[in-house]
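**Student:** Here it is, the structure in full.
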Amino acid sequence: MDDTTYKPKNILITGAAGFIASHVANRLIRNYPDYKIVVLDKLDYCSDLKNLDPSFSSPNFKFVKGDIASDDLVNYLLITENIDTIMHFAAQTHVDNSFGNSFEFTKNNIYGTHVLLEACKVTGQIRRFIHVSTDEVYGETDEDAAVGNHEASQLLPTNPYSATKAGAEMLVMAYGRSYGLPVITTRGNNVYGPNQFPEKMIPKFILLAMSGKPLPIHGDGSNVRSYLYCEDVAEAFEVVLHKGEIGHVYNVGTKRERRVIDVARDICKLFGKDPESSIQFVENRPFNDQRYFLDDQKLKKLGWQERTNWEDGLKKTMDWYTQNPEWWGDVSGALLPHPRMLMMPGGRLSDGSSEKKDVSSNTVQTFTVVTPKNGDSGDKASLKFLIYGKTGWLGGLLGKLCEKQGITYEYGKGRLEDRASLVADIRSIKPTHVFNAAGLTGRPNVDWCESHKPETIRVNVAGTLTLADVCRENDLLMMNFATGCIFEYDATHPEGSGIGFKEEDKPNFFGSFYSKTKAMVEELLREFDNVCTLRVRMPISSDLNNPRNFITKISRYNKVVDIPNSMTVLDELLPISIEMAKRNLRGIWNFTNPGVVSHNEILEMYKNYIEPGFKWSNFTVEEQAKVIVAARSNNEMDGSKLSKEFPEMLSIKESLLKYVFEPNKRT
């Protein structure tokens, strides 16, 4: 190194268990034994400690699990480790996910960056802050542009992900100008190579080709991207670290462009597959920019150059994935043509460590994505469910379903309102997902809750929120079985209109204390991005002897109110809840079969299939109110969101016939 070269002493690398940053960290550890490297990573779904295996034995390496959004932790690390250089890679990066969870991108990419910058300002010891951004902040490049975006080009982001990265850049620039922080920004194009989580196209296509599955291309495949091999990118950051000028921006890219269709064809050729039969064109994404193109001259003037050609880089990448097929565990959710929010990798434990598996080097993982009808999806051995509600109806059925599907599960021993016991469960069981099927509905019915309000609050509100928060702290998805009995027909959703209540609608039924608590906790759970809320209504199963079964209930009543309602056939929808967990789906879902069925229609089916001599009589809602303590919810739920995700789901009447009445037919 010459006299003008910057030489750091103690480097903090954020997000270093992720793809690009792990290659950078491993390279610096390998090439500079006199540098102390501290890496900080919260270990989310696309990062893994195994990515840093080459560095763990080095005396100048230290790993810290934590979130850049924790200002206390960041300040503590800067001071105690005497950090003089930060290489900030940590970010949410998958564009598709940013459309369904943009607030999480804002939290990670903007707020997290702000925390780091403020810590740098307060400690006053940072000599270099290298902020890693993306070429997507420039926006879409004109198709006929002969010159790529240079570092002074206007920022015109087109999606939530790139908008958060551009926002973070503005903060970096402001802290550089306002407080004199020694900042450098990089903007990179697409990177590929070993260790990359298969939400990105190249590893996704390789894994699909390995398992003989079609390669899904959005639109016509004419979109153009530039690709750099990961080791070339790691070298670029090595150059920027030592030779980059404070206050400058550097594009990390290549002028060699490739159409998506050509990338898919090249991967097919590597596997000896016919591209025409192996490539499947699927519906395009509405936010799929046509082209990103960078000018790469500024970085080259520092002495960097691309070393790995496309053919060699792709071959190295393919070889790595075929030799490490289980690196990421169950990635079936990521391999879907249109994945929603991606799952936690199967090998991830709640404490951030990874399960070690003995996999021979020539093993090829077969990845399967099966619809809920088959009740089988992905690598079941990598899943482990923690279920609360062992003694309840839904909890018991979930356990039986896991046994049937070969999924490892355990019931939680802790009580929902006891935080310490929940933490102990997660530490000992180390689940990949948590299912909450616990709750107080009242025995024999919701009238019980009217005289047991403290107990109902303790479990339905305080307990559920406690479990959600413990899961959040451990980066776990919580599948929460809730209720749709928080709505009632009204002027905008009249009975018989076919207009159902949607997921975003706010509760309008508070006739029972049970419903009040469920409405309250649902509203609060909206603030937890790790929760999937399933609104169950009047649950039904093929077990007609179970007193919790809605059909069993009304068949034992002397009189029933004949009114149409949305309902949940558990035999069909409980397997869907497991599939939703595998797909890492979040937010609120109306968990009912499409359509409505009246109580008289159900009892007519019961008479035709089960008990020919069965008789019943009706009474009005007003007459019913005289013999019950709390009012009952009647409504229609809009099932379009769930139906779009699972188009094979049957309507309520079809599902009743297939799963309940046909199997129990006695006449």
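Positions of Cβ are set from backbone N, Cα and C atoms, glycine also.
Residues or ranges marked as active site, proton donor in Swiss-Prot: D135. Here Swiss-Prot flags E136, Y161 as active site, proton acceptor, drawing on similarity to another entry. The annotation NAD(+) binding site is assigned in Swiss-Prot to G15, A16, A17, G18, F19, I20, A21. If you look up Swiss-Prot, you'll see T134 marked as substrate binding site, on the strength of similarity to another entry. Swiss-Prot lists G389, K390, T391, G392, W393, L394, G395 with the feature NADP(+) binding site, giving a curator's inference as the kind of evidence.
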**Student:** About how far apart, in whole Å, are the alpha carbons (Cα) of G392 (NADP(+) binding site) and A17 (NAD(+) binding site)?
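**Tutor:** With distance taken Cα to Cα, A17 (NAD(+) binding site) is 40 Å from G392 (NADP(+) binding site).
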**Student:** Any same-chain residues 6+ apart from G395 (NADP(+) binding site) with CB under 8 Å of its CB? Would you list them in sequence order, or say none?
**Tutor:** I387, Y388, G389, Y411, F435, A437, A438
**Student:** Within 10 Å of E136 (active site, proton acceptor) (Cα to Cα), which of the recorded positions A16, Y161, T391 do you find?
**Tutor:** Y161
**Student:** Cβ within 8 Å of the NADP(+) site centroid (G389, K390, T391, G392, W393, L394, G395 excluded): which residues?
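**Tutor:** Close Cβ neighbours, site residues excluded: I387, G396, L397, L398, A437, A438.
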**Student:** In the three-state scheme derived from DSSP, which category covers G392 (NADP(+) binding site)?
**Tutor:** coil
**Student:** What are the other residues, in sequence order, whose C-beta lies within 8 angstroms of the center of the C-beta atoms of G15, A16, A17, G18, F19, I20, A21 at the NAD(+) site?
**Tutor:** I13, S22, H23, V24, A25, D41, S47, N51, F89, A90
**Student:** When the Cα of Y161 (active site, proton acceptor) is compared with the Cα of each of the binding-site residues G15, G18, T134, W393, which one is closest?
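**Tutor:** It is T134, whose Cα lies nearest.
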**Student:** Could you find out if DSSP has F19 (NAD(+) binding site) as helix, strand or coil?
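**Tutor:** For F19 (NAD(+) binding site) - judged by DSSP and reduced to three states - the answer is helix.
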**Student:** Using C-alpha atoms only, work out the spacing between A17 (NAD(+) binding site) and D135 (active site, proton donor) and round it to an integer in Å.
**Tutor:** 22
